[in-house]
Amino acid sequence: MFQLTATPASALADEPVHIRVTGLPPLQTVTLMASMKDEKGNLYQSRAFYRASKAGELDLKQAPALGGHYVGVHPMGLFWSLKPEKAFERQIKKDVMNSPFWITLELYDSVYLQKSGEVQPRASQVVQRWFSSPQTQRVQVQEGRVRGALFLPPGAGPFPGLIDLFGGIGGLVEYRASLLAAHGFAVLALAYFAYADLPKQLQEVDLEYFEEAANLLLAHPKIQKPGIGVISVSKGAEIGLAMACYLKEVAATVCINGCNAIFEFPLKYRDLVITPIPSLPERMEFNIMGALCLRHYKGNPRDALNQHSVLPIEKAQGPILFIIGEGDECFNSREYAEQALDQLRRHGRSSGRMLLYPGAGHLIEPPYLPLCYASWSRGLFCPLLWGGDPVGHAAAQEHAWGEIQKFFRQHLVQSRSTL
């Protein structure tokens, strides 16, 4: 009797699942397959080929995949290697409170290459991947100019407060904020264009908007004083770094594959205007899939002519953690982080740290979410190349997620003696 188990069958999306098979013939070759549909109905699938033990068992914590979408021992490989059936789709959870992603695991007793459902699997199991815990509270934020969603853990608090910024995707992106709230942080997922009554396109970065958001968060009775953290990626990480430099409310900052200077749009703050470094569109490249690589598109912040656009990172009051994927094909993010750290050192500061991940691409997400190598992007006629290889990227996501939480706990959570 074939039996496929996945425990826990219902869990947060950043929690591992233990997959086991029993009742197989000794040394039987099998296929394990995962499939799911996102909220738009796009199908994602992955598969791997395994050999059962002499006892007719399979434990993905120990057994290596012999082939398929990955090779070797990867207990969560079926999750992070999910591929969209429709090219250039990006898996994004929209409704984080009311429904999970449902992932169906199927067992076939041979090397199975057809689509799911064409042959009856020998066993199957459905797992639920949630992006919020049952007690998390979501509060829609529409106060002054600020637009977003605040996620609060259960209890009276006070909780360490974070602002969560995504990049050129625009709109309101909530899944990272809701997951962090499940780990004890109060997180404001902040929209800054292409949402509600905000500008439809980004034409300038008004830092006073982000200052208003920081003050709004700090004024909440459940938010721990005196400062907040910022977690940010891509264009959001450029803004996150600017917040660290200019806003006294920001006490700790995580920049995931961002820049150390202002690019594309001017940054304004009170009387200050920082003009962007000119881009070099002639340096854009298309890869073999027809996706656009922007890695060499931006001008170099080290050039003497561009110094006016470099952020004064030495003014940042709190520590900064740079999370960098060496396989980033969208930004030259390692170079930007190294420039920022050099600048800190020249000013006698040691408040910056870089975590460099070989094989990781631009979009470093919470653990076990699949690598998005390239996807359609707002306002572009072709897909954008993000980069990364699935194994290295998955390892980076798992490690970085723990480091990010440790970093914020270290720098935002007050010790008992000060409470």
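Glycine too: its Cβ is placed from the backbone N, Cα and C atoms.
TrEMBL labels come from automatic prediction, so no person has curated them.
The following features are taken from TrEMBL:
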ACT_SITE  Ser234  active site, charge relay system
ACT_SITE  Asp328  active site, charge relay system
ACT_SITE  His362  active site, charge relay system
DOMAIN    205-413  domain 'BAAT/Acyl-CoA thioester hydrolase C-terminal'
Inquiry  = Counting across all protein chains present, how many other Cβ atoms fall within 10 Å of the Cβ of His362 (active site, charge relay system)?
reply    = 27
Task = Under 8 Å Cβ to Cβ from Asp328 (active site, charge relay system), same chain, six or more residues apart: give me those in sequence order, or none if nothing qualifies.
result = Asn257, Arg295, Arg334, Ala360, Gly361, His362, Trp386, Gly387, Gly388
Same-chain residues at least 6 apart in sequence whose Cβ lies under 8 Å from Ser234 (active site, charge relay system) = Phe166, Gly167, Gly168, Ile256, Asn257, Gly258, Cys330, Phe331, His362, Leu363
Note = For the domain 'BAAT/Acyl-CoA thioester hydrolase C-terminal' (205-413), the averaged pLDDT of the predicted model is 97
